[in-house]
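The Mn(2+) 1 binding site annotation in Swiss-Prot covers His41, Asp108, Glu119, Ile120 and is backed by sequence analysis. Look at Swiss-Prot and you will find Glu80, Asp108 tagged as Mn(2+) 2 binding site, backed by sequence analysis. For 124-139, the entry in Swiss-Prot reads motif 'Nuclear localization signal 1 (NLS1)', with the evidence type similarity to another entry. Per Swiss-Prot, the feature motif 'Nuclear localization signal 2 (NLS2)' maps to 184-247; the stated evidence is similarity to another entry.
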Amino acid sequence: MEDFVRQCFNPMIVELAEKAMKEYGEDPKIETNKFAAICTHLEVCFMYSDFHFINEQGESIIVELDDPNALLKHRFEIIEGRDRTMAWTVVNSICNTTGAEKPKFLPDLYDYKENRFIEIGVTRREVHIYYLEKANKIKSEKTHIHIFSFTGEEMATKADYTLDEESRARIKTRLFTIRQEMASRGLWDSFRQSERGEETIEERFEITGTMRRLADQSLPPNFSCLENFRAYVDGFEPNGYIEGKLSQMSKEVNAKIEPFLKTTPRPIRLPDGPPCSQRSKFLLMDALKLSIEDPSHEGEGIPLYDAIKCMRTFFGWKEPYVVKPHEKGINPNYLLSWKQVLAELQDIENEEKIPRTKNMKKTSQLKWALGENMAPEKVDFDDCRDIGDLKQYDSDEPELRSLSSWIQNEFNKACELTDSIWIELDEIGEDVAPIEHIASMRRNYFTAEVSHCRATEYIMKGVYINTALLNASCAAMDDFQLIPMISKCRTKEGRRKTNLYGFIIKGRSHLRNDTDVVNFVSMEFSLTDPRLEPHKWEKYCVLEIGDMLLRSAIGQVSRPMFLYVRTNGTSKIKMKWGMEMRRCLLQSLQQIESMIEAESSVKEKDMTKEFFENKSETWPIGESPKGVEEGSIGKVCRTLLAKSVFNSLYASPQLEGFSAESRKLLLVVQALRDNLEPGTFDLGGLYEAIEECLINDPWVLLNASWFNSFLTHALR
């Protein structure tokens, strides 16, 4: 169709049609039927006006040959085909000089003989249907409507056809020829069926009374009325305007808008250096759970009781020793801390009544691990105003780290299914309205796809740990409280299960401000040997604490059980967000919902059921070096959820900066893909802003690597 349009129509008409489509963000190469329709409409408008003049006596005459002596005025003013600003300027000028009523929409022509605006319609459907649509849209007695069809029919307001028979016959013959040409190339059926009802972007709402006065008062300086401002905005050419403004600013400022082409962007530079290390507040794929099914013990639901019950399920404890030391820490202190936990748990079991909470003895190893008395003394600023060389203490620049494969493995693992159910469907009342029914249906489908997902386990684990830590921080500010890391789930068969991942010991927690830090030591069970990826565990001291019997294809095998110990810290604001990690479910559900909405608007019906139940369809999940990865709708749900969860687990200023700055580049690339011919200035500065966020954070480095894959495939 595109080739046909370029052969069939005058190049000037083709160029005008392309410009009009680009103005509304449409691509002539994709929306070829619309391209053909716009060209046809333009040609009819030009043919309507051709050869019609008004002579010196004010009579309408037809002159087909150029007579240089004739002082003739064109009978019709052509409005269609001009850019919007110019078109409205012409309309305003006509209204001012002739006293004609200003139309709400841009008409196509103005007839100086009959003194009226004309709206031309070209339809592939019944002329009377199209005429009614036009009349309904325009709602104006003053604008004359004239409709032509490809079958030779026409219809005009009050059967007043404006032009002589011969001029109209020329237009009808041309339309019939276009139809024949299309049909001979097999294009007519698609073109005929593609016509939609009357649509408009050009509606001009009349603002009157108080709103009008408020509008006139709230204009930027130098604009006297709303109309002037509208005309200015309609004709605003951003590129030249920005260059002009910048050139006024300063001689040093030099911003030339450069075209952004497929060859323009380069990959984002990732830093070199030692591989990045794990920095989450708790273990993810490497975590090991000690679990009890159908818990019914005394005090079930009290964390300490649950923890002791879980600990009793394991019989392979052995004398612990360090297998991977922490480079900068005093490793014997980590070892002693674990031994102290075991001993104090044993003490509890020997008591007659197990207490609800356990405060650890303030031993030297725990004081060291929790940074007790390590904080520099705070001095009131007023007391040191007179000190001449007062300055903030020096802090080292963070060391650059390179991307490591473990973070991609962590993400892949987070997208996988586990054999447990981590979220229950909340009991919500009966649906009342149809929209509630659709919402419930979407929520149920989505929940079914993500309830077994490992990312959902991380959410529940994060919510539990942060809630417990914040509670303890407020309730036992001076105590080194022992906090079990617990989660609850259901097995496939629906049996309840309580899991213990390890323990946290919190330090002193007089948290006045949101950002005040509480230190804690985490001790987490794992079957992962830290010596396989020592760089991942840089911040940990790892002990071997037991041997676990595991069922495998060859029978029972014994595997060493490790304890990952590290000092960490968090704040009230971080714990508050950690407690709200369930929001990740909502965020990813909304992303899925927007995909369903897009599909539904195309099909003009709710597509929720088809969307989730059509298992054969695949959807884009993300970019990898291999290209665009695709998967089932369930995989899409779980991937979006995992991204949201990792944004929460690995939240950092580096991530905030990278997300904000890389988004700008992403928008420019998408504009290029949509053929919007974007321009940029100081692209180097944007790359600098993106790359200064790539320091050492594993999740940010992985996102940057994904962004590079996207660039590669988007610009092919």
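Easy rule for this one: first residue shown is 1, then count along the chain.
Note that Cβ sites are derived from N, Cα and C of the backbone, with glycine treated the same way.
Shown on the structure are the features that Swiss-Prot records.
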residue	record	DSSP class
His41	Mn(2+) 1 binding site	helix
Glu80	Mn(2+) 2 binding site	coil
Asp108	Mn(2+) 1 binding site	coil
Glu119	Mn(2+) 1 binding site	strand
Of the binding-site residues listed as His41, Asp108, Glu119, Ile120, the one whose CA lies nearest the CA of Glu80 (Mn(2+) 2 binding site): Asp108
Three-state composition of the motif 'Nuclear localization signal 1 (NLS1)' (124-139), taking helix and strand from DSSP: 12 helix, 0 strand, 4 coil
Non-site residues, in chain order, whose CB comes within 8 A of the mean position of the CB atoms of His41, Asp108, Glu119, Ile120 at Mn(2+) 1: Val44, Cys45, Glu80, Pro107, Leu109, Ile118, Gly121, Val122, His146
Cβ contacts of Glu119 (Mn(2+) 1 binding site) (under 8 Å, same chain, 6 or more positions away): Phe105, Pro107, Asp108, Lys134, Ile138, Thr143, His144, Ile145, His146
Number of Cβ atoms other than its own within 10 Å, given for Glu80 (Mn(2+) 2 binding site): 22
Across the motif 'Nuclear localization signal 1 (NLS1)' (124-139), average pLDDT on the 0 to 100 scale: 83
Neighbour tally for His41 (Mn(2+) 1 binding site), based on other Cβ positions within 10 Å of its Cβ: 20
Cβ-Cβ distance under 8 Å to Ile120 (Mn(2+) 1 binding site), same chain, at least six residues away: His41, Val44, Cys45, Tyr48, Glu80, Asp108, Leu109, His146, Ile147, Phe148
